[in-house]
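Quick look at what TrEMBL annotates:
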type	residues	note
BINDING	GLY217, VAL218, ALA219, GLY220, SER221, GLY222, LYS223, THR224	ATP binding site
DOMAIN	196-526	domain 'UvrD-like helicase ATP-binding'
Amino acid sequence: MKIKTEKEEQNYLQQVKSVICEKIRSIRQRVQKSVDDMAEHKEYLRENKDEKAILHQSLAYTANSGEASVVLLKQLNRLYQSPYFGRIDFKPNAKENEMTVYIGICNFIDEENKENLVFDWRAPISSMFYDFEKGAAFYEAPSGVVAGSIHLKRQYKIRNGEMEFMLDTSAHIYDELLQKELSLKADEKMKSIIATIQKDQNAIIRNENSNILIIQGVAGSGKTSIALHRVAFMLYRFRDTLSSSNILILSPNKVFSDYISNVLPELGEENIPEKTIMELINDFLEHQYAVQSLFEQVSLLLNAANSSFSERVSFKSSEAFVRKMNEYISYLNTNYFLAADIKIGRFVIPKEIVDKEYQSLFRLSLLKRIKEMENRLAQHLLFKHRYEVSSKDKTELKKAINNMSGSKNIKILYKDFFVWLGRKDLFKPGNNKNIEYLDAFGMAYLKMNLDGYNTYRHVKHLIVDEMQDYSPVQFAVIKKLFNGKITLLGDINQSLNPQSKINLDSLQRSFPQAQLMTLNKSYRSTFEIINFTQRIAFNEDIIPIERHGTSPVVYKEKDKASETDRIISLIFKFLKNKVLHSLAIICKTEDEMEDIKIMLENVQVKAQYFSAQTTRFSDGIVVTTAQLAKGLEFDVVIVPFVNDTNYKNDIDRSMLYIACTRAMQELILTHIGQPCNFINSIVEE
């Protein structure tokens with residue numbers, strides 16, 4: 001029977017829920033049986049210890065079966081709350097009958113009637129819901145392209161098992177539904193967006209062919225969410241060869257990791273491992289050094305007019321740095337080892353033989369060649385002179401080889417690079433083990449080329465978030481460590497490093513095989529907020545969605561006390577509002593955060609204060625810097641102290657742009673004296 005009316009739809013929903021309920025009941029019985037079996041096995045094991053091995057095997061099987069049932073039970077409980085969100089009626093050209101396809105978070109089959117009641121949103125046929133309106137359509141099945149026509153496209157809102165509404169959708173209505181979803185207030189955690197995925201987003205999610213994919217997305221375009229949905233799609237599509245443990249995300253910080261931690265579980269998948277780039281590099285360097293963090297690097301660039309530090313960062317952020325490092329590595333390969341005669345006991349190994357043995361080891365990395373030379377020359381003495389070297393001879397041999405080669409200490413070799421370059425001033429060793437942020441990656445790159453390295457062989461897909469904050473040397477390190485597929489995502493306009501020359505062209509030079517896909521529609525902020533931020537950092541590609549709200553407000557105050565009063569009054573206004581969930585005061589520096597903290601403590605307002613060590617994200621009032629707020633969103637954003645002495649250069653502009661683009665519903669800026677140049681023209685209007 002063809003389901004058309006709302007009453008028929010309600011009946012179908014009840015039918016689906018009934019089958020889900022029956023399945024839940026069946027699995028609960030199975031779980032209980034597993035629990036009973038485990039107890040029985042353990043009791044039997046106590047009484048029959050001689051059958052221990054067989055029983056342990058049986059226990060493991062029962063435990064695994066029980067765990068799988070618990071996972072399925074969670075999925076079914078989630079499905080019962082909202083079995084599906086969309087439907088298409090599709091008539092394939094090659095068949096007479098029309099197919100009714102209900103689309104939800106996962107596949108669900110009525111096993112008794114052998115009927116597919118719900119199709120997984122990731123299934124090939126489901127892609128048409130995102131890609132086509134009514135009319136001609138097609139999808140790529142494993143057997144090839146299936147063409148036909150969509151006769152009905154319908155959207156549902158089902159919550160707590162009840163249908164709130166259903167709509168036959170067109171592009172116009174779909175946009176209205178999207179705007180309704182977007183107008184909802186900010187949450188503590190990022191949520192899945194399977195009901196509102198757009199066509200350009202769907203193309204990225206289902207891209208199977210690109211080994212390296214670059215996603216350039218404007219602020220608020222949903223790029224991180226899309227990357228996570230892409231992970232869920234890959235886990236579904238390649239479930240026989242790919243698991244969540246084979247995927248790694250390089251995340252900007254732990255707060256952001258916490259913020260995105262609900263998306264994959266909502267989609268029925270396990271969370272994937274994540275690391276920060278700092279954890280990655282410290283692991284590689286075996287925690288031998290105290291490495292400056294990106295947070296500390298940015299803070300120094302913001303707080304101090306240290307031209308020598310800026311120059312060091314500028315050079316190490318450039319493609320020239322990697323190019324010169326490669327030249328230095330070639331130089332070392334040619335000049336690091338200078339052969340000489342070696343006398344062991346009464347025998348002399350001529351320098352020609354020493355050099356020949358060294359050259360024969362060209363397949364090994366430089367430092368591994370030096371280590372292997374001791375064995376090779378010992379073998380030479382054995383085969384040529386029938387002389388077996390003693391432990392004392394080995395010590396002499398090692399000493400002689402070391403005298404022919406340079407230092408094996410990577411930090412010394414790295415320091416020598418700047419001497420070779422004629423720019424000793426570009427390396428500041430620091431006290432003891434301290435090294436600057438980008439030096440850690442320079443040293444790692446040198447170590448990889450001179451001493452070899454172990455790759456992350458188990459990682460088949462790497463996700464790199466905030467790609468614009470990486471430099472060419474960091475990408476060079478990543479390419480050596482990871483041999484699998486790579487998805488890079490970010491926004492070139494939101495860089496934390498004003499010295500960086502990273503743009504889409506340089507990214508594609510770092511990854512010449514990469515495919516570039518763009519997301520230009522901004523969904524986070526209202527039209528008015530996007531229009532305001534466009535004046536701070538113009539991006540001709542950005543397309544704001546037509547969701548309107550209040551215009552951003554810039555308050556000019558006569559002195560610091562009145563600016564403080566203004567900020568406090570705005571906070572109390574927010575606290576009285578029962579609709580909005582989150583307010584962020586986004587500062588330029590940690591010192592400003594400290595001023596705000598004192599201000600709020602004086603009026604007994606509780607807030608969460610972000611630092612580089614913060615690991616959890618919650619709603620309410622948050623005080624943070626722009627660099628730690630990246631990727632997050634808030635209902636209301638207050639940006640204080642936006643005067644012309646505080647925000648004046650390129651990095652300040654970037655910080656201001658990042659801060660303002662976090663706002664979903666309301667954006668407020670405050671200042672005393674002259675407003676900064678980036679908003680001066682807006683204030684005058």
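Please read every residue number as a count from 1 along the shown chain.
Glycine is no exception: its Cβ is also placed from the backbone N, Cα and C atoms.
Shown on the structure are the features that TrEMBL records.
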| residue | record | CB count, 10 Å |
| --- | --- | --- |
| GLY217 | ATP binding site | 25 |
| VAL218 | ATP binding site | 25 |
| ALA219 | ATP binding site | 24 |
| GLY220 | ATP binding site | 25 |
| SER221 | ATP binding site | 25 |
| GLY222 | ATP binding site | 23 |
| LYS223 | ATP binding site | 25 |
| THR224 | ATP binding site | 24 |
In the same chain, which residues outside the set GLY217, VAL218, ALA219, GLY220, SER221, GLY222, LYS223, THR224 have their CB within 8 A of the centroid of the CB atoms that define the ATP site? ASP491, LEU519, SER522, TYR523, ARG524
Can you give me the average pLDDT across the domain 'UvrD-like helicase ATP-binding' (196-526), rounded to a whole number? 91
